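Some features that TrEMBL has for this protein:
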- 12-31: transmembrane segment (TRANSMEM)
- 38-57: transmembrane segment (TRANSMEM)
- 63-86: transmembrane segment (TRANSMEM)
- 128-151: transmembrane segment (TRANSMEM)
- 157-180: transmembrane segment (TRANSMEM)
- 225-243: transmembrane segment (TRANSMEM)
- 255-278: transmembrane segment (TRANSMEM)
- 284-302: transmembrane segment (TRANSMEM)
- 311-333: transmembrane segment (TRANSMEM)
Amino acid sequence: MEFSLDNPLVNLYVRLIGWVMAGFILGKFLSKSVTGTLGRFLFFVGAPFSIVAFMRSTNISGYMAIAPISAWTALLVGAGLAWVWIDLGLSDEQLKSISRGLSINRHQDHAPDEVVQSNWSRPTQGSFLLAMMVGNTGFLGFPVILTLIGAEYFAWGLFYDLSISLGVQIFGVTLAAYYGNAEMMKGWIAPVMTVVKNPSLWAFVFGALLRTLQLPPLADQFLKTGAWLVINLFLILIGLQLSRLSSLKNLKQGLTCLSIKMLLTPLVVGTGLMFFGVTGPPRLLLVLLMGMPPAFVTTLYAERYGLDRDLAITTVALGSILILFTIPLWIWLFGL
């Protein structure tokens with residue numbers, strides 16, 4: 001392996017670690033409002049600008065429909081595996097409780113009432129499932145795929161991200177209502193309209209219409225430079241957000257959640273894509289996005305809807321570190 005910036009993986013790690021650490025250090029000195037302001041700027045201005053710029057180098061084909069299908073498949077597979085694990089955890093606790101009760105009754109006639117704290121409370125189950133669904137496919141996923149694969153298949157990544165956003169709007173609020181204190185979603189129009197109003201979607205349309213427009217070399221260079229500046233700001237924002245996280249708790253559930261989301265689900269769905277003729281860079285791109293750690297919005301969902309915030313923080317923080325070890329794995333398995 002050549003350790004120079006010409007190597008895409010080395011370039012990615014220098015970019016990831018350097019800019020995220022810069023954001024983390026700045027976060028210790030800047031007020032919390034700076035993080036919110038930067039996040040809004042990137043959502044409404046920065047991300048649309050970079051999408052328009054990268055769309056000029058993107059290959060648009062009918063096969064892009066595979067991206068949203070893969071996104072929803074990964075979402076359902078991950079949720080299904082999470083359901084199974086939660087059910088196994090609850091069953092194990094019930095068996096231990098029964099066994100413990102029999103043991104106590106065997107030694108004394110009047111066993112005292114004792115409440116055993118479950119590791120799988122309803123808020124914990126909700127945060128576990130939510131972290132499975134909400135991957136950081138935008139602020140972290142875009143820098144990864146653009147550095148490793150390039151802008152040729154950027155539209156695939158954008159379609160994947162928008163599809164996940166729609167899934168979160170539909171299922172995320174439903175989960176929060178079932179396990180927390182959110183109101184149950186009424187109808188499907190509201191979540192669809194949320195995605196329709198997303199500036200990134202309209203930036204994609206605008207970029208697709210203008211991608212063949214001939215621009216002066218100086219203007220084209222301005223777009224590319226500005227787009228990569230936005231990508232670096234994405235990473236700085238991640239560092240700012242990481243600097244706000246508190247101590248880690250619920251490590252066992254957190255590591256299990258990340259193992260399913262960042263390892264098992266991409267491996268299963270990525271292998272399945274081969275049987276549908278999806279190979280090469282598109283498959284690697286989709287697998288990388290499937291393996292992104294939970295997004296920071298999961299902590300906001302947990303706090304707003306009464307879910308397990310400690311578990312949400314743990315999955316976000318550990319996932320942001322684990323991604324450094326999983327990226328080489330996916331490159332080795334699915335090629336670069």
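Yeah, the Cβs are placed from backbone N, Cα and C, and that goes for glycine too.
Long-range contacts of the transmembrane segment (63-86) within its own chain (CB-CB distance under 8 A, at least 6 residues past either end) are made by residues 120, 125, 128-129, 132-133, 155-157, 159-160, 162-164, 167, 171, 256-257, 260-261, 264-266, 268-269, 272-273, 276, 278, 282, 286, 289-290. Pairs of Cβ atoms less than 8 Å apart link the transmembrane segment (255-278) most often to 284-302, out of 38-57, 157-180, 284-302. Pairs of Cβ atoms less than 8 Å apart link the transmembrane segment (38-57) most often to 225-243, out of 12-31, 128-151, 225-243, 311-333.
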